[in-house]
């Protein structure tokens with residue numbers, strides 16, 4: 001949905017966080033088990049319930065708000081849509097959605113097969129042309145994560161980095177910049193993310209602790225929320241963008257609280273980062289921590305059997 005004023009910020013935030021957190025989870029599970037089988041199972045439990053829930057409720061929500069006809073619930077196209085989502089290939093778009101304002105609500109879900117293939121056959125995922133731009137952002141994220149202790153992270157650098165990012169994004173057009181633009185844009189953006197993550201307001205840290213891990217649900221529900229907002233006649237003012245963010249976070253919290261959080265009990269290995277806010281600030285110049293806690297959950301109960309301390313990498 002090119003040019004939609006609501007989509008870019010939500011996609012950017014969730015995409016960057018997902019890449020960073022997924023890579024850290026892979027590193028820690030490998031250190032603990034020396035196998036990626038547990039990682040694949042964890043990622044399946046992280047992805048499948050939310051995708052299945054969206055597939056079951058998206059058409060019902062549209063019908064409930066009067067944005068679609070009741071007949072779509074019994075159409076063959078909806079059955080195909082449900083079947084493709086059941087096998088984590090939620091790319092089929094029924095023709096019955098074309099009359100809605102955006103015409104598509106599953107655009108974010110096109111990334112699900114790419115993400116699944118990334119864990120199963122990583123080299124093949126590199127063949128996707130759209131991965132080039134994401135790959136540039138990922139590479140910059142790896143660089144900042146590894147060498148952030150050697151590069152000064154200062155709040156006053158936010159202004160020049162923001163100016164550089166916006167300047168490249170708006171004015172760097174033409175074939176000369178086509179290949180390198182994603183990389184050049186990601187350099188200042190990565191710096192801004194590091195500053196916000198480690199030196200940002202404390203309220204942001206407490207906010208994520210209170211509401212839980214809603215990034216994946218927000219990523220897949222955002223287009224349905226946008227569709228309904230546009231269908232009601234809203235056209236992308238700043239307060240309407242805030243409204244979309246608020247509704248998306250609310251729906252994502254419900255999905256996490258009543259679906260995704262519940263299936264966490266089926267994970268045999270649960271990792272919890274024990275670093276405090278002081279520890280996070282220490283990553284940019286103060287003393288580093290020495291251990292991260294990791295708990296192994298009993299498969300027959302909700303209790304924690306053991307507590308293991310893993311060495312913290314010198315650069316996460």
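Including glycine, each Cβ sits where the backbone N, Cα and C put it.
Annotation source TrEMBL lists transmembrane segment at 47-65, 72-89, 109-128, 156-177, 183-204, 216-234, 240-259.
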_Is the transmembrane segment (156-177) in contact with the transmembrane segment (216-234), using at least 3 Cβ pairs under 8 Å (sequence separation of 6 or more) as the test?_
no
*May I ask which of the stretches 72-89, 183-204, 240-259 has the most CB pairs under 8 A with the transmembrane segment (47-65)?*
72-89
_Should anything in the same chain at least six residues away from the transmembrane segment (72-89) have a Cβ under 8 Å from its Cβ atoms, list it; otherwise answer none._
47-48, 51-52, 54-56, 59-60, 62-63, 95-96, 109, 112-113, 116
